[in-house]
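According to TrEMBL, the active site, proton donor annotation covers Cys74. Per TrEMBL, the feature active site, proton acceptor maps to Cys200. The annotation substrate binding site is assigned in TrEMBL to Asn13, Asn65, Gly75, Asn76, Asn171, Glu190, Arg191, Gly201, Thr202.
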Amino acid sequence: MNIHFFKYQGTGNDFVILDNRDGRYTGLTEEQIKGLCDRRFGVGGDGLMMLQVQEGYDFAMQYYNSDGRPGSMCGNGGRCLTAFAWKMGIHQEHIHFIASDGPHEATLEGEDWVNLRMKNVDSVETDPAFFYLNTGSPHYVQYVSQLSGFEVYEKGRSIRYNERFKAVGTNVNFVEPMPAENGIFVRTYERGVEDETYSCGTGVTAAALTYAGPEARTYTIPVKTLGGNLVVKFNKTGPHTYEDIWLCGPAKLVFEGNIALD
Ligand SMILES: N[C@H](CCC[C@H](N)C(=O)O)C(=O)O
């Protein structure tokens with residue numbers, strides 16, 4: 001089978017994207033998706049997404065992690081798929097799509113900057129050592145010092161596979177405040193990739209929410225990742241409740257091509 005693919009990246013979180021509006025790629029197997037995401041034997045990506053038709057929406061987002069299995073919501077993926085939908089002719093000032101965690105709204109600024117509305121958050125588990133919350137995907141958030149030299153892979157992996165999380169898994173974010181920028185630096189170990197990625201949109205969102213002060217008001221938090229900069233804007237409405245959450249940043253086409261699958 002010949003596959004025509006598009007490769008996108010958003011702050012270095014990279015994805016293979018397929019236009020599946022006619023259903024031609026619906027039968028791809030877990031092994032085939034894993035193979036397409038393989039950086040040596042395939043196209044390479046942290047995940048694969050399909051652009052799908054969905055009545056009542058501009059499109060549906062079907063997301064798979066690089067292990068070939070369906071993942072939960074992917075923030076950078078949603079931004080990249082929005083840029084791709086625009087390229088495919090879905091030209092709306094406000095784009096509405098449905099993903100595994102429900103409806104999303106997105107706007108573009110130019111061709112490769114996407115603002116993506118994330119689902120509201122109505123609870124956060126707070127522990128002296130960490131926060132745990134769901135921004136479309138589950139995220140463990142821990143503040144550390146000297147994040148540049150931190151062992152994200154080893155420490156992230158040990159949390160992801162601990163007694164509590166090993167069955168279902170979790171994404172694990174390590175966060176360091178950047179006082180001069182009034183922002184944060186975030187590094188993430190991703191479930192389903194089972195490695196550190198250059199950026200994780202739902203993780204960056206989760207980390208930014210935990211960085212807000214105690215006051216209920218709107219916040220704008222700049223976030224640095226290994227792959228570039230994002231901005232998270234939201235309205236904190238109570239001690240653990242957040243609404244009108246927007247993840248904003250670049251989403252770019254890298255290349256497109258064809259690959260034959262056996
Ligand atoms: N990279 C993604 C997160 C993918 C979620 C996935 N790792 C899972 O837990 O299923 C993001 O930008 O939000």
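Just so you know, glycine gets a Cβ as well, placed from its N, Cα and C.
TrEMBL: automatically predicted annotations, no manual curation.
Taking only the Cα positions, the spacing between the residue listed as 'active site, proton acceptor' and Asn13 (substrate binding site) is 7 angstrom.
Of the residues the record lists as binding substrate, namely Asn13, Asn65, Gly75, Asn76, Asn171, Glu190, Arg191, Gly201, Thr202, the two whose Cα atoms sit farthest apart are 15 Å from each other. Cβ atoms within 8 Å of the centroid of the Cβ atoms of Asn13, Asn65, Gly75, Asn76, Asn171, Glu190, Arg191, Gly201, Thr202 (the substrate site) belong to the same-chain residues Asp46, Gly47, Gly71, Cys74, Gly77, Ser137, Thr188, Val193, Thr197, Cys200, Gly203, site residues excluded. Neighbour counts of Cβ atoms within 10 Å were compared across the binding-site residues Asn13, Asn171, Thr202; the minimum falls on Asn171.
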